[in-house]
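This report concerns only the one structure given below.
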Amino acid sequence: MVFSSLVFLFTFLPLVLIFYFLVPRAAKNPVLLAASLIFYAWGEPVYLFLMLLSIGFNYICGMEIELKLKRNQGAKKALIFAVAVNIGLLGFFKYSGFLVGNLNALLPVDIPWPDLALPVGISFYTFQILSYLIDVYRRKVHAQKNLISFGLYVTMFPQLIAGPIVQYADIDRQLKSRTVTWEKFGSGTVYFIRGLGKKVLLANMIGGLFDVVSAMPQGEMSALSAWLGCLAYTFQIYFDFSGYSDMAIGLGRMFGFEFMKNFDYPYISGSVTEFWRRWHISLSSWFRDYVYIPLGGNRTTKPKHIRNIMAVWLLTGLWHGASWNFVAWGVYYGLILMTEKYLLADVMERIPVLVRRVCTMLLVMIGWVLFFSPTLSGALTYLGNMVGIGVPAADAEGIYLLMSNLAMLLILAAGSGPWVHKIFQKIGGDRQAIRIAVQCVTYTAMLLLCVACLVTDTYNPFLYFRF
Amino acid sequence: MMSRKQKYRRAKRMIYRIITLLFAAVVFGFSAGNLIKKDREYSETENRMLEQKPSVSISGIADGSYMEKYETYQADQFAGRDTWMEIKTGMELLLGKRESNGVFLGEDGVLMEELSDDSGKNVAENLEEINNFAARNEGINFYFLLAPNAAQVWKEKLPAFAVTEDQEKQFAGVQQELSESIQWVDALGVLQEHKDEEIYYHTDHHWTSLAASYVFEGLRDVMQLDETYITPLKPYAVTNDFQGTLSAKSGYERRAKETIYAYLPEDGQDTGLVVYDVEAGEKTASLYHTDKLNERDKYGVFLGGNSPLLDIQTVSDSQRKLLIFKDSYANCMIPFLVSSFRQIEVVDPRYYYGDVQTLIEENDITDVLFLYNGNTFFTDNSLSGVLKE
C-alpha cells in the first residue's frame, strides 16, 4: 500500500486510528504491528512470510548476540552470521539477477534465472535490521526481548516502504513508552498533508513532463526537450521522495514516534558534499555509522580515506538499484566528493555562493541522467542531447512543453528552497487570527486537491464510439 | 500581557488543533460517505461501467487481485467523483495545461483532437489497394474526398505553441499517391474558406452538416451531378442538447451543449427512400434516426451510426448508382447525395466483411466515392483488406 492512495486515506488510516486510540496502552503496539503487516501484505501478500521469517530470525539473533556478549565468547561470529544472512537475502532478491546477467554476458554458458519481484521495502528494512544487530553488538542498545516491539521496529508502516531508515537506538525507548498530544498529532497532520501535497500535487504533475520526454526516441529530441526532461525528473524525484518522507514523519507523530528529518532543502546546496548532507539524510547517516567510520573514516591515511569514500559510494550506488547505471552514479559522486575535498577546498571558498549553487545543481542533474536512464549508453546519448550533439537546440515540441509546464516549473523551483515555507509562516504577521485562518485553509485545500487528483487517477473514459 | 512569542506559540497550537479536526473531518467524513453512498453501475459523464465491490476470496487475496480490484472500486465509487474531476481539471487549467488525453482545449472552449501521424504502413497499403481497385474497375468513376480535422482548419484556435501534424502536407502526399483515374475532391480548401463558420462541433470530433453542405458543392462539380435532380435542402435543428465525445475524452467543457442541424428538403420530409441495414436486417424510411437523440452519442442521428453495409434506394430519376467507402464523416454528407443517385451502397470497411466486387457487379455501380476524415484515414487498418482481390 502507498500513502498517496485512496485505500490508505479512506479505509486503512481511519480504521487504524480508531483502533489505535480506542485500545488500552498495552494493546497499542500489537495494533500497530497488525496494521503494519496488513499494510505490507496489501501489495505483496506472498512476501509477508518472508517478512515474518525475517522478524523471527533477527529477534533470535539479537538476543543470541547479547547473550554471547555477556559470556564474552562468540558474539562476533554470531553477528557475522546474522549480518550475512540478511545481506544474503537482500542480495538474492535484489542483486542475483544483475549478477547472473553479467555472468551470462561474460561466460559462454547461459545460466537461467527467473525474474524475481523485489520484496517491497527490503532495502530499507534490511538496513534497519542491520543497524539493530550491530548496535546490540556494540552494546549501544539492549536486545529487544519483546517480539511485538521488535516486529514493530522492523515493519512500522509509516516508514516501512521508503524510510526514513530509523536506527534502532533512536527509537528504542519510544517503542516502550510514548505519548500523543494534540500538538504532536496536529504537527504530524501538517507534516503528512505537506508530504502528500508534495507527492500528489507536485511530483506526480511534473512526472507527466518527464514521461513525455523520456518517451521520445533518443536522438529525436531537441536539447531544450532533453533539459526539460532532466529538470522534470530532478524535481519529480525530490518532491516524490521528500514528500514520502514527510508523510512518514507525520504519520509517525500521529502515533507518538519521532523520526529523523530525511531531507533538508538539498537543492540549495553550495557543494556536492553539502548536497549529500541534505539529501536522504538517514541513508547517508547509516553508511557513515556502519561503513565509513568502521573503515576508519577520514582519520586515517589519505589512500585509505580515498578507499573509504569510494567503498561507501559504490555501495550507495548499488543500494539504489542493481545495474551498472547505479554503480556509475555512485562512483560519479565518490569522485566528485574526493575532488571537492582534496582539490577544490580552497578554491570553493572564494567562489560566490550563487555560482556554487548553480554548479552543484548541474552536477546533481547530470547525476540524475545516470540515474534515470535505462542503460549507461542511453545516459551518455541523453547527456549528448542536452549539449546539442546531433540534435537542434530547440524545436516546436520543446517550446510547447516549456510553455505548457512553465508555471509548474516555477512553482517547483520556488518550492525547492525554504523561502516559500518561511513566507507562508509569516502571512498575517502578528495578527494571529489571520495566520490561523490562512494556514488552516491552505492545508485543507491542499488535502482536498490531493483527493481530487487521487480520485481522478482512474479517470479513464471508455470511448466505445467507433468513428 | 502575553509576549509576542507566547501569542505565536498559542496560535501554533490552535493551528494544529484546527487542522487535526479538519483532517479528521475529511478522512472520516468521506470514509463514512463512501460507506453510506449507494454504488453506481454506470458513469454518464465517463460513459463506462464502473467497478463494483469485489467479493472476498482467499485466492484473490493471495495473488493480490482482490486488493487491486478494491482500489479501482474505491476510486470509481468515490463520493462526488464527478465533482472531484472538475476540481482537478480546473487546477490543471490554472497551471496552464490545455491538453488532456490527446484533446486540445482551444480558444472559445473548442475541443480539437490531435492530428494523426501519416507515416504508418497501413496508409501506403490502403492507397495501393485503392489504386489497384480503380484499375480493376475501368469504366466506373472514382472520387476521393479527404476531410480535414478541426485542429487543421481551426489551427488558430489551438492553444499557444501547441504542435500537431500538418494535414495540408499529408493530404498533398495522399493526392500524389493516388492514380490519375481517381478524382480528388478538395475539402480542405473549401473548409478553409469557411473557417469562420460553425463547420466543426466544439465538443465532438465530427464536422457539422454545414461543413458537409459546403464540401458537397465541390463534390457536385467534380462528380458533374445533374442540377435538375438536386433537391435543395434546408437546415433544421434536431437537438440543442448535444455533448460530443471529445468532452468525455478530455474532461473539458463538461457543461457545454450544442445544436445538431439536420438538412432536409424544404418541406421537412425526406420521403420515399428506403434505407436497408443489411447486417441488422432492418428497413427504415429515413436517413435520420431520431431515437438516437435520446442517447448520449447524438451524432448517431445521422444514419443511426456506423453499419457495415447500408443499401439506400432513393426516388431519384438519375440513372447513376453510387458506392461509398467511408467513416462517420460521410454520415451527414449522404443526405446531400440521395437526390443525385438512384441507389447508394454505403460500406464501412471497419465492420464490413463482404465481397465488394460482387457488390459492384450485382448493383451495376457507376460511381465510387471514398470519404474519410484525415485522422481516421491515417489510422485505418481495414480498407486495404476489403478492397483486396
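Each Cβ is built from the backbone N, Cα and C atoms, and glycine gets one as well.
Annotations in TrEMBL come from automatic prediction, not curation.
According to TrEMBL, the protein carries these features:
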type	residues	note
TRANSMEM	A:7-27	transmembrane segment
TRANSMEM	A:33-57	transmembrane segment
TRANSMEM	A:78-96	transmembrane segment
TRANSMEM	A:116-134	transmembrane segment
TRANSMEM	A:146-169	transmembrane segment
TRANSMEM	A:311-337	transmembrane segment
TRANSMEM	A:358-379	transmembrane segment
TRANSMEM	A:399-420	transmembrane segment
TRANSMEM	A:440-459	transmembrane segment
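Within its own chain, the transmembrane segment (A:399-420) is flanked in space by residues 198, 202, 205-206, 209, 212-213, 224-225, 228, 231-232, 235, 238-239, 265, 267-268, which lie at least six positions past its ends and keep a Cβ under 8 Å from the stretch. If you look at the transmembrane segment (A:78-96), the same-chain residues 6 or more away from its ends with a CB under 8 A from one of its CBs are 50, 54, 57-58, 61, 64-65, 68, 113, 116, 118-119, 122-123, 126, 129-130, 133-134, 137, 318, 322. Under 8 Å from some Cβ of the transmembrane segment (A:33-57) lie the Cβ atoms of residues 1-2, 7, 12, 16, 19-20, 82, 85-86, 89, 117, 119-121, 125, 129, 147-148, 150-152, 154-157, 160, all in the same chain and six or more residues away from its ends.
Note on the transmembrane segment (A:440-459): residues 4-6, 9, 189-190, 193-194, 196-197, 200-201, 204, 424 of its chain, located 6 or more positions outside it, place their CB under 8 angstroms from a CB of the stretch.
Beyond the ends of the transmembrane segment (A:146-169), by six or more residues, the same chain brings 1-2, 29-30, 32-33, 35-37, 39-40, 51, 54-56, 58-59, 62, 120-121, 124-125, 127-129, 131-132, 135-136, 140, 175-176, 241, 244-245, 247-249, 251-252, 255, 257, 259-262, 280-283, 285-286, 289 to within a C-beta distance below 8 angstroms of the stretch.
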